[in-house]
Amino acid sequence: MAKVRVHELAKELGITSKEALSTLKDLGEFVSSASSTIEPPVVKKLRSAYPGAGKSAAKPGSTPAAPAAGRSAAPKPAAAPSPRAVAPTSDAGAPAPGPAAGRTAATKPGVAPTPGPAAPTPAAQVPAEPKAPQPSATPGSAAPKPGAAAPKPGAPRPGNNPFSPKGGSAGSRPGARPGGRGGAPRPGNNPFAPSQGMRSGREDRAPRPGGPRPPAGAGGPRPGGPRPAAGAGGPRPGGPRPNPGMMPKQITPAPQPARGRGRPGGGPGGGPGRPGGPGGRGGRGNAQGAFGRGGGPRKGRKSKRAKRQEFEQQHTREIGGVKVPKGDGTTVLRLRRGASLADFAEKIRADVADLVKVLFTLGEMASANQSLDEETFQLLGDELGYKVQIVSPEDEDKELLEAFDIDLEAEEANEDEADLEPRPAVVTVMGHVDHGKTRLLDAIRSSNVIEGEAGGITQHIGAYQVPVEHEGEQRRLTFIDTPGHEAFTAMRARGAKVTDIAVLVVAADDGVMPQTVEALNHAQSAGVPIVVAVNKIDKDTAAPDKIRGQLTEYGLVPEEYGGDTMFVDVSARNNINIDQLLEAILLTADAALELTANPHKAARGVAIEANLDKGRGAVVTVLVQTGTLRVGDTMVVGSAHGRVRAMFDENGNAVEAADPSRPVQVLGLSSVPRAGDSFLVTDDERTARQIAERREAADRNAQLAKRRKRITLEDFDQAVAEGKLDTLNLIIKGDASGAVEALEDSLLKIEVGEDEVQLRVIHRGVGAITQNDVNLATVDNAIIIGFNVRPAERVADLADREGVDMRFYNVIYDAIDDIENALKGMLKPEYEEVELGSAEVREVFRSSKWGNIAGSLVRSGLIRRNAQARLVRDGVVVSEHLRIESLRRFKEDATEVREGYECGIGLGSFNDIKEGDVIETFEMQEKPRV
């Protein structure tokens, strides 16, 4: 069956083309316009959407088919009398064929046998058929339907003879009166006339007001009824178009009309045609032949390739001169971190070269295999109609493991409670480095060393287990030795929550110190319960109650004050109340946590620390969280893999198996993993190697695509407007406690009007910016404000690598103005400080003429004469607004001295220079803010 156009099918169903297009869209079929053709399955779906209209449209063509069942060509002429059944009963509704039609029939002897079996007048008026009364029941409402819009069925065609004075389809004019103009010449079939004997399709399809019109110059109605159609015209109303196999075989002398394209109403002049229709319509899209002859035959069906190209053109978008597949705005594309344009092109089945051009049009330059960041993919997705989702590292690693049939969440969910056994609690000790934390750890270890192990512990691996007797039951506790709290922050930044309880050590004679507050912030941010150990109570200046009062300000309320935090007064030097501290840890674990694990499966856990030993290779301290780790197991730790060759405990003894919460040293890995990387045991070494290689590739791509800055003051207001951020986190470091307090109070008083944005200071402290500050800013997406302090060299590199924004001020009002403008979105162009280099003072030479001369070694960059400089001593800025007044190398004046060379630096009248100071040089460059 030939394909149907949308507007034709809509007319057949009695609906508008717009309604048909909307219905097709709801059915999941995307059609560009009403002139598009649709396949038979789509036609069937649209017909089924309008069951009532489909039946009424099909009845006129199916009713007269019964008397002509014996003839294969009968279905074509059988459609002619059907409009009589739906037309209003009148004398003018059934006129006899006129003389012109009679002459046409007389000159065609081969057509004579056709009308015999096809006379359908009695069959069309049979009242017993249930289908016949439906079209005739509402003649007024049938006007827009195809049956009612067809030309008058009973009117004879005067023929398309160009020499006839009545020639043409005069009856197709909707405004003509029933009387007609008998002798009016019809110039429509003049080959030199522009109309070419054809009325417009709109006029042909318009219903006749006032009923059918008798033919021009015709006599009264013939008693024999209307002349049956003998030609092979176009598709009957409500039915499919005919194909060449349905053409009547006996009609050979007359020229045939265009295949399947004519409306009901016959072919060209002199040939067979249906009565009453406009003559010689060659069909939509075909050229009309001269003298009423049909145009050339229509081309055959489109090939699958042509159909596919047409479909792709309908669903593509042209950007920058190239066409790429477009989405509907809801299509989700999931991309891994560090994905490239080639990955994006593979997802949408497009040419990667076209995407490179599209991205260039959008103002971004990238190659096909270059790793891109999330913002670039979001820009490209918004332009093409796709929602881009960058897979998080956790989900990416989960999908990677699922590719090897490893589902950790499913394993945990399917755990049988009968297999779960209690496990020891994991405890991390934190606090100020001078408050006895290390001595307390040594006291706990020494008081629990196995008998016969004289001399204490032989080596420290950073984690150990001690037995504790509690209520007559032998229990165990696992302690993680983290010097400072750097490793703890790094593990939290990578999402490895291995700590169950945190012990905060505070010296009773010193009180709460800046690093104590910093450790407290880390523990609270990790969401673990805290036990406070008040150390050094044996000193005369100890004030444990003062410590309790100070920590109450930070949310740690002691139990004796009505809170839920346990405070234990201990002395690590004299071993006072060590057992009570261990008991408090156990009570906190029992009250707040339910610690169980399944030891009867492959081991899973996390790496606490790792180092490279010259004799043993990669040495990794791991903490088993679930399962049991055995010697000989194949394991993968982050991007490292290998077979466990040996395991050792905290005492250096060889261990064959490690159960949950047991820390051990592992030998045999291929490389040194990072602290906080998770590990798992695999079935074979090949699987472990493939997992490690894929993790390494993913990390490498993520690093390539990583932006230098996460959130800066310049783009803070844009992030707020997009709903990505509603809180600005700050870390304030200064050279004096009073300055830090004043800066914090001033910042918290900033008013931002109706669009209020929360300002939160997550950490404040005195001293130089440390690595822990950068780690905390990385986790909480914070901005570091430095007031008269500078970071160390390694800290600056870490901040640059992690994308942390650090701002330095020496006037408090400048910091307040910058933060206020950031909150209000009113940042203006600024001057940017560009570092030139730094030099370390090795020796100070005193001169009565030039003052103090700093004999220095250039550590980085270069030192340039007349450049601006500052003097930094122990991480604190001693003097600002200095200038390199004199610069010499081996008693000769120099314009600049580069890295690795020694030089003499004079700072003019400033003489407060000491050995170990650092002279930093810089210049100010104007930087427009965008």
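The backbone N, Cα and C atoms fix where each Cβ goes, glycine too.
Taking Swiss-Prot as the reference, the stretch among 39-42, 535-538, 835-838, 915-918 described by the feature region 'G4' is residues 535-538. Looking at 371-375, 456-460, 546-550, 641-645, the stretch flagged in Swiss-Prot as region 'G2' turns out to be 456-460. The feature region 'G1', as given by Swiss-Prot for the ranges 431-438, 471-478, sits at 431-438. Per-residue pLDDT, averaged across the domain 'tr-type G' (422-596), gives 79. Within the chain, the region 'G4' (535-538) has long-range Cβ neighbours (under 8 A, six or more residues past its boundaries) at 435-437, 440, 505-510, 544, 569-574, 576. ILE537 (GTP binding site) counts 19 other C-beta atoms within 10 Å of its own C-beta, drawing on all protein chains shown.
Neighbour count (other Cβ atoms within 10 Å of the Cβ, all protein chains): 11 for ASP434 (GTP binding site). Its Cβ placed at the centre, GLY431 (GTP binding site) has 27 other Cβ atoms within 10 Å. Note: the region 'G4' (535-538) comprises 0 helix, 1 strand, 3 coil (DSSP; helix = H, G, I, strand = E, B). DSSP gives LYS437 (GTP binding site) a helix state. Taking all protein chains in view, 27 other C-beta atoms sit within 10 angstroms of the C-beta of LYS437 (GTP binding site).
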